[in-house]
Amino acid sequence: MRQTFTKVVIIGTGYVGLTTGVCLAYLGNQVACVDSNAAVIRQLRQGEVPVAEPGIAALMQQNPANLYFTTALAEVLNGSDIVIIAVGTPAKPNGATDMSYLEAVAREIGAHLTDGKKQLIVNKSTVPVGSARRVKTIIDYMLLERGIDCEYSVAANPEFLQEGAAVFNTLYPDRIVVGAEDEAAVGLLHQLYSPVLNQTFTPPAHLPRPRNYQLPAFITTNPASAELIKYASNAFLATKISFINEIAGLAEKVGADIKEVALGVGLDTRVGRRYLEAGIGWGGSCFGKDLKSIINDAGQYGYSMNVLQAALEANTRQRYVVIEKLQQELKVIRGSIIGILGLAFKPGTADLRDAPSVDIIAKLLELGARVKVYDPLAMPAFQEQHGELEVEYCQDVLTLSKNCDALILVTEWSEFSAVPWETAGAGMRRRVFIDGRNLFDARTLQIHGFAYHGIGRS
Ligand SMILES: NC(=O)c1ccc[n+]([C@@H]2O[C@H](COP(=O)([O-])OP(=O)(O)OC[C@H]3O[C@@H](n4cnc5c(N)ncnc54)[C@H](O)[C@@H]3O)[C@@H](O)[C@H]2O)c1
């Protein structure tokens, strides 16, 4: 472990902020995590992790002395070298990014910086191009109003972690992107990330360094390019998924198997195999909102992003493909009992933001079905956030399948692979299985008498 450490303040202790804070503390820095939600800070002070993210709790326990949790930014701001902003930037109904949390943070920083303070402010939230400048303008005005002079700069340092693998992605990233106008900012961030860039830290026991891991690139650019890199990355990944889903639709019509098609396409190193899995499409807090945001921003320049617009529309349509398959099989959905396997937008998380399960369940209820659900992690969150959707919560797959006419697999939790399908099927009224994630080979279910439908598999 290196000797020098940086005093870091992280604002926002959600998936990104907490993961970043806990990892930076593990790497030997002194980290103060600030969140305006007092309940979250109370939980963190008691050693509880408010987000369902594997590996965070173990790291938190290893370095309690390097971590401090508070709701009061003023208490920790001026003692720090770097402030990292990681608050939410949700989409507004028109697709534009809601900047209110970020702007509130900028105002708070401007209200508390002390005269003569040197400070690097880093924006890790995903934000439209120009946001680093926007944050600087807000702080400049606040300082001017207060008659205060500070030597500070604002850098962009977008985050690429994936929920469910957030700690792993932070310790073993593909690249670190820094957009800054001054060299001092780049130097400070290079120093902060040097244990990751050079992999000089001792890996946590539960997260060993992957074999063949290549040192990550450190990409330095201007803030606008860094901000656009984040949007372009997410837009590309989302488009890749929509692309393979569109091919899956054709595969069904022409008698091809999308798994084999995707393999044949993805083994081309120019394409790559990841994010080329057909299913009910993407969900989660990022892809949908980031796509809408970039399309909306482009619109402000009179520029239309036709490919991204199509990717978004294809994804919306894809969610209802499982309902069409159900209608083909059951004919009438009204009065049937449908079991939903998985609610979270992906395995390993309880996150329901833009989860396909919500749209699918709402549609089934609208069509007159009775809906039973099971998810190993996300049921409490679903109950809290979507109480308007009247569903029956089940404690396991066997309880879920009882009396069902059909099951729809929405989230590919690995435990679903270990279900005794013969037993599950025995309790059902009809054995129909719609595999929205292509988790199974058809035969695995067919041998137990199920009518099996995957996505893009004739
Ligand atoms: N979740 C991901 O997988 C992911 C990945 C990459 C980038 N991002 C981006 O990172 C940002 C954060 O995402 P997240 O998923 O961690 O969000 P989150 O909603 O999980 O967490 C945001 C936190 O910020 C806190 N907050 C809001 N306003 C605050 C304020 N004024 N002061 C202090 N705390 C405040 C909230 O209470 C909340 O705990 C977003 O811009 C997102 O697009 C997210």
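Using the three backbone atoms N, Cα and C, a Cβ is placed for every residue, glycine included.
When TrEMBL records F160, L161, Q162, E163, K230, Y275, L276, E277, A278, G279, G283 as binding substrate, the matching candidate from K92, K346, K363, K372 it lists for that site is K346.
With a cut-off of 6 Å between Cβ and the nearest atom of ligand 1, the binding-site residues D35, T126, L276, A278, G283, K289 reduce to D35, T126. T89 (NAD(+) binding site) is 16 Å away from Q162 (substrate binding site) when you measure Cα to Cα. Its Cβ taken as reference, T126 (NAD(+) binding site) is surrounded by 24 other Cβ atoms within 10 Å in the chains shown. A gap of 7 Å separates the Cα atoms of G283 (substrate binding site) and R353 (NAD(+) binding site). Taking the Cβ of G283 (substrate binding site) as centre and 10 Å as the limit, one finds 24 other Cβ atoms among all the protein chains shown. A separation of roughly 9 Å, to the nearest angstrom, links the Cα atoms of F160 (substrate binding site) and T126 (NAD(+) binding site). For T89 (NAD(+) binding site), the nearest neighbour among the recorded positions K230, L276, A278, C286, judged by Cα separation, is C286.
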